[in-house]
Amino acid sequence: MIDITLPLTDIHRHLDGNIRAQTILDLGRQFNIALPAQTLETLIPHVQVTSTEPDLVSFLTKLDWGVKVLASLDACRRVAFENIEDAARNGLHYVELRFSPGYMAMAHQLPIAGVVEAVIDGVRDGCNTFGVEARLIGIMSRTFGEAACLQELDALLAHRENITALDLAGDELGFPGSLFLSHFNRARDAGWHITVHAGEAAGPESIWQAIRELGAERIGHGVKAVEDRALMDFLAQQRIGIESCLTSNIQTSTVASLADHPLKTFLEHGVLASLNTDDPAVQGVDIIHEYHVAAPAAGLSREQIRQAQINGLEIAFLSDSEKRALREKVAEA
């Protein structure tokens, strides 16, 4: 179902949600950190979703073991590098990796700005090694509150030339976007793009707020947009993209089943929706699974899957010339 004549992208992919189980095991041993299991086989149920979680917050607890072993900046650098290696193995030509430096720093009180620098270094080395093109999106973890998000923002702005966009993720219901208006004003002043997790746990009003108040150019997940036809019209007319993550939305119980997922409706409505993974290591999936298994199960036709692939590059945070160069590179391969 993947069109090999087109660039394959993943523009909603959490770097700190894609820490390999083997790496968790390795780092746990290296830093003498107690893990819930001592072999790869027995560790996987603790760090990977093996059945549907009751809600988003329950799903997010699966991520915690990955960051609990980040006891040094070198460990952060390693997982960033491995993220690019994984992208290359999946056949991705372009990936946007998003990460919350405060979340990665938290368990071992690492310097947040140091985490940002380590991630930048690891991704740069990975791109040079594996030939994948990547951009970084900084996340503010809303669950930690406004002050903690300000610390994350300051650390990201210290490396602003290496960061492409700002995102807001975490507990959407408990920490609405209205708490972070000044944060996003600073991000836009820095020339960054804006994407926001919205309409995943909260309703369409959260998406409207992300667009009108935070300046979102893309929406992460955005499944609740299907409940508001005027919103879908607006998204299509204004070319505001939706970063769809099919398997993730089932695993978090955001959507009951793939057959119920609104991605097909979005595409029929002319919304620029794309296919993405979200947290591949935690979910136990890759981008190939999303195209070959999840998308058909969600009712997408072959042409709709191709359109979602086209949309992935169309709404990527790249210039028109960069998109054109990527298309030409793939066409000539």
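Each residue, glycine too, has its Cβ placed from N, Cα and C.
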Out of His108, His193, His197, Swiss-Prot lists as part of the Zn(2+) site with His12, His14, Asp278 the residue His197
What count of other C-beta atoms do you get within 10 angstroms of the C-beta of Asp278 (Zn(2+) binding site), across all chains shown?
27
Listed binding-site residues among His14, His197, Asp279 whose Cα sits within 10 Å of Gly170 (pentostatin binding site)
His197
Sorted by position, what residues of the same chain at least six away from His197 (Zn(2+) binding site) have a C-beta under 8 A from it?
Asp167, Leu168, Ala169, Gly170, Glu172, Ile219, Gly220, His221
Asp278 (Zn(2+) binding site) to Leu15 (pentostatin binding site), Cα to Cα, whole Å, comes out at 9
